[in-house]
């Protein structure tokens, strides 16, 4: 039995070696020479252009090394400040904020699957990580071949659940070339990630022009999804395919307007509606007035789904309250802040304002040709549960999701590829920054510090400080994620 087990183990190991596979706890790795010819073709294509390309990348990589230290230092101070404040700053809807990435897998510790990254976004997240890693390593590989370093192979790995890529270079050749040549190779990954981020940004910026033959923009925000638990769900709510044109008196031409309008509505006080004195007298009915726990006033029955308590004032100082049918009050009424806004008409009118709990707003959402949706709740709940797009299909057979997919993927590429560039440039052990720093010191300090061991000591101390800075960001980043 033992002999059979050993034979099976040997066969399994031979099978792994044959197919370039390596398996260890939390780590799966595959390496192949199938792409070597393609890499050599790329590395020998237009030598003068590649020399200029990777020389620019070398300058960028050196600047990125210093810049990454400043950026991580600033991030650390901001995180510490946020931890020490009693009420941390609320994070707005940003383009996937990434603070810490590890190695060439692009692992982000402020975008952790299952913690603060929606399950629906996992495909974008892992695809962007893999592409960013592959482009990073292609840069190293092509630069190495350009500098006459032997290229052994290309591979892909999975660390826990995070994918990444790597290239296998002949170390002896790498050590024999000059420090400047080494810099071109070591900086190529960071440089290619920066270029990928810029290219993704350009696609995102030019997307309206790219999709112009198929989609038009600037006419509103198209609803692409409404979650089941959304307050906008219902027979008089929002549906996929609806085009939102206004929130209250705030015009909506795209998704940015939608978010901006909701932000303004959330920050400002509730708007009122102009109602004539005759209509007010006709619609209102006697109701008991009482104060809520937060000090606001309620004057309608809790069982009412159509009536809302409104407050208004006459020439007297004390406000008056009336329970009114919300839709009849709001439809065909203009918004106002004071009674003066309603005095433009000859008919005596009052500015009636919904008397709601703190942070709660009554929002009229226009999505013609449908009847206006009246939403009562926190504006951010509406923002989080309704997905929209700025792109409206010119033909019915065109997908309403395609522009959203392209937009979202570009945003992930910008964020994760940028994070990979920044973090790999940090002078830290086991990252590209370690080799960039060592080659940079050899290229600049050889005449100032003749003894090699002294130059190595300087590099070791800098790497120690850079590693501590990155580790502090990692630790605090994890703490911030888990604490929330």
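Just so you know, glycine gets a Cβ as well, placed from its N, Cα and C.
Here TrEMBL gives transmembrane segment for one range in the set 151-170, 231-250, 251-270: that range is 151-170. Checking TrEMBL for transmembrane segment across the ranges 386-411, 412-437 points to 412-437. Nonlocal intrachain contacts for the transmembrane segment (151-170), taken as residues 6+ away from its ends with a CB within less than 8 angstroms of a stretch CB, comprise 20, 26-33, 35-36, 39-40, 43, 103-107, 113, 126, 129-130, 133-134, 136-138, 140-141, 144-145, 185. Counted as Cβ pairs under 8 Å, contacts with the transmembrane segment (50-73) are highest for 412-437 among 190-212, 412-437, 457-481. Counting Cβ pairs closer than 8 Å to the transmembrane segment (124-144), the top stretch among 190-212, 412-437, 457-481 is 412-437.
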